[in-house]
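A.B. asks: First, the structure itself, so that you have it in front of you.
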């Protein structure tokens, strides 16, 4: 079995593949203060509840945007599983040309998503990933990563509103009953929710106009399912896109 690990700023998503089949997945909070041993205990407990042993895992691949945790998880792999993991970054073969001023600047998660999306659809794509930051990535019809845009995530936007406006409460991110809201909580939700739908559709529309490839628009990330129903541009939500991309990259690098 293959263990894939996607380390984001807010969450770590783990998945276990048996060949091409995702058999289990978990989402846990990112904690930069945890040691390799503490993450080892966490993984052990998740595995135990799923009836999986460390010895069942034959390889590991990691995508991380948190450098301090990359090292911790590499150490976890060596100590608890007995081998060095694959880490998405320099030296990993993606099979995708990266048209970026400095390809090393592109977040690992963005490349993983692009690889998975093109492998699945074989057409031009815009991939919207709703994470701590929301990223918009453009892949052309030739399968080349062309770049994209980065915007503050929904949680960051809501937290900034709470912290900077002293009379406004912290509220749940949710679709409000109406855009013309009748109370403060719903008013904040309306501004954040519909403002974000407008942000997504606005950026996607501009990218479509600039790219001229008639791309398919895919959303992923924890809050994709909340925004997609009101979006005029998102065509598909794929919650496992990043995990699938890690599996594909593992296959490409194992075979070389």
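Every residue gets a Cβ built from N, Cα and C, even glycine.
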A.B. asks: Do you know which of 94, 132, 134 Swiss-Prot groups with 6, 7, 8, 9, 10, 11, 12, 13 in the ATP site?
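C.D. replies: That ATP site, as Swiss-Prot gives it, pairs 6, 7, 8, 9, 10, 11, 12, 13 with 132.
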A.B. asks: Starting from the Cβ centroid of 6, 7, 8, 9, 10, 11, 12, 13, 132, which together make up the recorded ATP site, report each further residue of the same chain whose Cβ lies within 8 Å of that point, ordered by sequence.
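C.D. replies: Going along the sequence, the neighbours appear as 30, 65, 66, 131.
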A.B. asks: Tell me which of the binding-site residues 100, 107, 109, 184 ends up closest to residue 8 (ATP binding site) in space, Cα to Cα.
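C.D. replies: Smallest Cα separation from residue 8 (ATP binding site) among 100, 107, 109, 184: 109.
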A.B. asks: How would DSSP class residue 6 (ATP binding site) in three states?
C.D. replies: strand
A.B. asks: About how far apart, in whole Å, are the alpha carbons (Cα) of residue 132 (ATP binding site) and residue 109 (substrate binding site)?
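C.D. replies: Residue 109 (substrate binding site) has its Cα 12 Å from the Cα of residue 132 (ATP binding site).
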